[in-house]
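Trainee: Please see the structure below; I have some questions.
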Amino acid sequence: MAITDILSAKDIESALSSCQAADSFNYKSFFSTVGLSSKTPDQIKKVFGILDQDKSGFIEEEELQLFLKNFSSSARVLTTAETKAFLAAGDTDGDGKIGVEEFQSLVKA
């Protein structure tokens, strides 16, 4: 499954263009612009599955750093500060990674 099966290419392009500069990534505005906030829990779960590159059932810090690349191979990697802030926002149980339920909560925040 491709991410464009769930999200529109136009929305992805718009969301990526809004965070091209280093340290400009804001997960809330990204999720809103890309259209993920308005998707069903099942659709959000499918996007999580795409983002979970190693299929561990979690999005770890390394996968978060490459988050934008899941939407476009030409997108930048997140800075260390962006990655840590993103992880801190999503990791509600403190295990150092984001599970599917945590991701769904983060998207809907």
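A Cβ is built for glycine as well, from the same backbone N, Cα and C atoms used for every other residue.
If you look up TrEMBL, you'll see ASP52, ASP54, SER56, PHE58, GLU63 marked as Ca(2+) 1 binding site. The Ca(2+) 2 binding site annotation in TrEMBL covers ASP91, ASP93, ASP95, LYS97, GLU102. Taken from TrEMBL, the feature domain 'EF-hand' covers 39-74, 78-109.
Help me picture where these features are in the structure shown.
Mentor: The Cβ of ASP54 (Ca(2+) 1 binding site) lies under 8 Å from the Cβ of GLU60, GLU63, each of which sits 6+ residues away along the same chain.
Long-range C-beta contacts of ASP93 (Ca(2+) 2 binding site), restricted to its own chain and to partners at least six residues apart, with a cutoff below 8 Å, comprise GLY99, GLU102.
Taken as a whole, the domain 'EF-hand' (39-74) shows an average pLDDT of 96 in this prediction.
Outside the domain 'EF-hand' (78-109), and at least 6 residues removed from its termini, the chain residues within Cβ reach (under 8 Å) are 22-23, 25, 27-28, 31, 36-37, 39, 41, 44-45, 48, 51, 57-61, 64-68.
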Trainee: Of these binding-site residues, ASP52, GLU63, ASP95, GLU102, which scores lowest on Cβ atoms within 10 Å?
Mentor: ASP95
Trainee: From the centroid of the CB atoms of ASP91, ASP93, ASP95, LYS97, GLU102, the recorded Ca(2+) 2 site, which same-chain residues not already listed sit within 8 A by their CB, in sequence order?
Mentor: PHE58, GLY90, THR92, GLY94, GLY96, ILE98, GLY99
Trainee: Spatially, and counting Cα to Cα, which of the binding-site residues is closest to ASP91 (Ca(2+) 2 binding site)? Options: ASP52, SER56, PHE58.
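Mentor: That would be PHE58, the closest of ASP52, SER56, PHE58 to ASP91 (Ca(2+) 2 binding site).
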Trainee: How big is the Cα-to-Cα gap, in Å, between SER56 (Ca(2+) 1 binding site) and LYS97 (Ca(2+) 2 binding site)?
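Mentor: Given the Cα positions, SER56 (Ca(2+) 1 binding site) is 10 Å from LYS97 (Ca(2+) 2 binding site).
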Trainee: Which residues, sitting 6 or more apart from PHE58 (Ca(2+) 1 binding site) on the same chain, put a CB under 8 Å from its CB?
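Mentor: Residues satisfying the criterion: ASP52, LYS97, ILE98, GLY99.
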